[in-house]
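Annotated features in Swiss-Prot:
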- 38, 96, 100, 103, 104: Ca(2+) binding site (BINDING)
- 44, 57, 96, 103: alpha-D-galactoside binding site (BINDING)
């Protein structure tokens, strides 16, 4: 059972809001799959982990990332048991060059599980 499940469109420059408010110290897992097209050419395809090998891009471009408090974090095909470094809402997005999202299409399917909430001893 996931805390959030949905699609992350490749053409959403501001990403997809999950509505999940995370706190520093929470532990989450994220799993993603699917294919998106991020350009006009027929070789510009990417999975959450990045572009197909015949069209290499800089390491952070054409990948799935999380944004929390305006800081980006690599997600790719998924992360397991990761500690959230900052407080904020979890936004998921396809990382592309700003201003170039208009020719993107497709979406990733993503599931997010909040495994534990940070609760320090008092």
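A Cβ is built for glycine as well, from the same backbone N, Cα and C atoms used for every other residue.
Feature annotations (Swiss-Prot) mapped to structure.
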| residue | record | Cβ within 10 Å |
| --- | --- | --- |
| 38 | Ca(2+) binding site | 25 |
| 44 | alpha-D-galactoside binding site | 18 |
| 57 | alpha-D-galactoside binding site | 17 |
| 96 | Ca(2+) binding site | 22 |
| 100 | Ca(2+) binding site | 13 |
| 103 | Ca(2+) binding site | 14 |
| 104 | Ca(2+) binding site | 21 |
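For the Ca(2+) site, the Cβ centre of 38, 96, 100, 103, 104 serves as reference, and the other residues of the chain with Cβ at most 8 Å from it are 10, 11, 39, 44, 94, 97, 101, 102.
Here the Cα atom of residue 104 (Ca(2+) binding site) is found 9 Å from that of residue 44 (alpha-D-galactoside binding site). Rounded to a whole number, the distance between the Cα atoms of residue 57 (alpha-D-galactoside binding site) and residue 38 (Ca(2+) binding site) is 11 Å. Here the Cα atom of residue 44 (alpha-D-galactoside binding site) is found 13 Å from that of residue 100 (Ca(2+) binding site). For the pair formed by residue 103 (Ca(2+) binding site) and residue 57 (alpha-D-galactoside binding site), distance between Cα atoms is given as 16 Å, rounded to the nearest Å. In this structure the C-alpha atoms belonging to residue 100 (Ca(2+) binding site) and residue 57 (alpha-D-galactoside binding site) are separated by 14 Å. Same-chain neighbours of the alpha-D-galactoside site beyond 44, 57, 96, 103, judged by a C-beta within 8 angstroms of the site's C-beta center, are, in sequence order, 37, 38, 39, 46, 51, 61, 62, 97, 100, 104.
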